[in-house]
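J.: Pulled these from Swiss-Prot:
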- Gly22, Pro23, Val24, Gly25, Ser26, Gly27, Lys28, Thr29: GTP binding site (BINDING)
Amino acid sequence: MSRLALTRADEPMTAARVGIGGPVGSGKTALVERLIPALQTRGIDIAVITNDLVTAEDAERVRRSGLIDPERVSAVEAGACPHTVIREDPTLNIEAADELERRFPGVELILLESGGDNLASTFSRDLTDFWMFVIDVAGGDDIPRKRGPGVIRADLLVINKVDLAPHVGVDLGRMQREATEVRGGRPVLLTNCRRGEGIEAIVDLLEREVLFRK
């Protein structure tokens, strides 16, 4: 059960926290950079948390992008095991999210990008209300068949870099079909973050399933 579902009627509603996980190089940060303006265009007040092993590289990239007030971007150094701070002990990320909410009381949604990990990466429900897992076609169309916890359990599976499919010999239709099958019909969306394709469909889903606007 998500944090939002556990909020009592007499408690102030906190910002929705949306996790973004996936392997190294799948396009998580590129997705964050596409989601920021798409969410802002719809009037959604947002903030961002990024996780890296021992640096703030992704946070600095987002801050330099000019897409969002740099003060609204927080960095968490995850150490050697990026999954630990989003699953086993998410304290650092919870504290970072709480601090962003204190500093920006109107924030409605926090994008929380994990450090690059493997197909077993998942988010604690103590940390996120909704989480998506990003894979890319360059990793091969057999990724869904491997049934990693990230692929199966995520609220949304994003298949990114779809423009590369013909260049790496991937049957995109088969990949999407098999992903939907192993996920029991839960949503699978295709994106090309380099060109911004598929982003609006993700925002539609977040508005409907997380912010309950539709």
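Each residue, glycine too, has its Cβ placed from N, Cα and C.
The shown structure was predicted, so the numbers you read here are calculated from the model rather than taken from an experiment.
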J.: Would you count the other CB atoms within 10 A of the CB of Pro23 (GTP binding site), including those on all shown protein chains?
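T.: Around the Cβ of Pro23 (GTP binding site), 20 other Cβ atoms lie within 10 Å.
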J.: Sorted by position, what residues of the same chain at least six away from Gly25 (GTP binding site) have a C-beta under 8 A from it?
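T.: When sequence neighbours closer than 6 are ignored, Gly25 (GTP binding site) has Gly116, Asp136, Ala138 within Cβ distance under 8 Å.
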J.: Suppose we draw a 10 Å sphere around the Cβ of Thr29 (GTP binding site). How many other Cβ atoms does it contain, all chains included?
T.: 23
J.: Give me the sequence-ordered set of same-chain residues, not including Gly22, Pro23, Val24, Gly25, Ser26, Gly27, Lys28, Thr29, with a C-beta within 8 angstroms of the centroid of the GTP site's C-beta atoms.
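T.: Those within range, site residues removed, are Gly116, Val134, Asp136, Asn160.
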J.: Just checking, which of Gly22, Gly27 (binding-site residues) has the fewest C-beta atoms within 10 Å of its C-beta?
T.: Gly27
J.: Quick one: what's DSSP say for Thr29 (GTP binding site), helix, strand or coil?
T.: helix
J.: Just name the most isolated of the binding-site residues Ser26, Lys28, going by other Cβ atoms within 10 Å of its Cβ.
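T.: Result for the binding-site residues Ser26, Lys28: minimum number of other Cβ atoms within 10 Å at Ser26.
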J.: Under 8 Å between C-beta atoms and at least six apart in sequence, can you list the same-chain neighbours of Val24 (GTP binding site), or say none if there are none?
T.: Gly116, Asp117
